[in-house]
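Before any comments, here is the structure.
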Amino acid sequence: MTELYTAANPAEALKLVSLPEDELFVGATQLRRATFDNRITLCAIINARSGNCGMDCRFCSQSKHNHTPIETFSLLPDDELRGRILALGTQPVARIGVVTSGGALSGEEFDRLLGVLRSLPEYVLKRVCASLGKLSAVQLAQLMDIGLDRYHHNLETSRRYYPSICTTQTWDQRKATVERVFGAGMTACTGGLFGLGESWRDRIDFAFALKSLGVTHVPMNFLHPHPETPLAGQPPLTAGEALRIVAVFRHILPTATLRICGGRPLVLGARQKEIFAAGANALMTGDYLTTQGRGLVDDLAMIDSLGLEVDCDQSC
């Protein structure tokens with residue numbers, strides 16, 4: 001393989017899948033370093049509204065179509081939400097994500113959230129991003145006007161495979177939301193979930209769809225099977241396959257931020273350190289929405305042990 005090789009089309013990307021792991025990782029590491037050097041960015045999220053979602057996503061513990069025993073609650077009180085954002089603002093995280101379950105916030109909830117965000121000091125607000133479901137162009141413009149420049153909305157998987165995991169919203173509807181994010185002048189944090197039963201071709205088509213949309217911030221999650229969901233019995237990915245997915249994505253999206261998020265402790269286990277060799281340059285630290293993550297202290301120690309450095313630049 002030549003230095004800084006990238007996959008220009010799905011056929012080239014499929015050839016990468018069968019490469020020896022060490023060869024694949026060498027190329028992925030070179031590509032990561034070419035754009036990000038040894039800088040790693042962290043983000044953390046706040047579960048601001050949990051459960052009772054009307055979507056029927058087969059993997060999701062928050063869907064009311066499933067019966068996973070999780071804590072459910074409406075939008076956090078304003079003071080509590082503000083306090084949790086400010087607390088994360090003291091940590092070395094480049095981004096603080098406010099996440100709500102469900103297809104969309106009500107008008108009253110959205111206005112409340114805007115009020116909380118407006119009350120934040122600028123040095124914290126500029127690090128906040130939001131994941132609030134399907135928003136209109138007007139709502140996205142309101143977020144942009146108060147200082148939010150990034151919005152999270154996943155496509156989850158390939159357009160072909162998506163109907164296998166959700167029927168209450170189409171892939172094209174999700175794509176339209178991402179396009180509205182760009183139309184509002186914001187950057188989109190858009191990725192998905194792996195280990196749903198999708199094929200390698202689905203994964204590669206998904207990566208090229210993100211590239212076609214111009215997505216430059218890609219959260220990568222690995223299925224953590226939840227009880228009482230249709231995918232409760234789905235075997236988790238092996239660590240080797242999960243790392244290979246990251247490396248192939250790096251060859252398709254050479255300059256994008258690849259952020260390893262949900263499922264990291266379960267799927268990668270003792271191989272978590274290898275995410276950077278596989279091409280990732282960012283990770284989510286702390287707990288996820290309804291599952292336990294890895295603590296900030298442990299993640300900082302891991303990054304330091306590898307001779308890498310934490311970058312708090314919110315543009316990453």
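Every residue, even glycine, has its Cβ placed from backbone N, Cα and C.
Keep in mind the model is a prediction, meaning the values are calculated, not measured.
Of the residues proposed, Cys60, Cys189, Cys312, the one Swiss-Prot records at the same [2Fe-2S] cluster site as Cys129, Arg259 is Cys189.
Each residue contributes its Cα atom, and for Arg259 ([2Fe-2S] cluster binding site) and Cys60 ([4Fe-4S] cluster binding site) those atoms are 20 Å apart. The local packing around Cys189 ([2Fe-2S] cluster binding site), expressed as other Cβ atoms within 10 Å of its Cβ over all shown chains, amounts to 25. Around the Cβ of Cys57 ([4Fe-4S] cluster binding site), the number of neighbouring Cβ atoms within 10 Å comes to 22. Taken as a whole, the domain 'Radical SAM core' (36-264) shows an average pLDDT of 92 in this prediction.
Under the three-state DSSP scheme, Cys57 ([4Fe-4S] cluster binding site) falls in the coil class.
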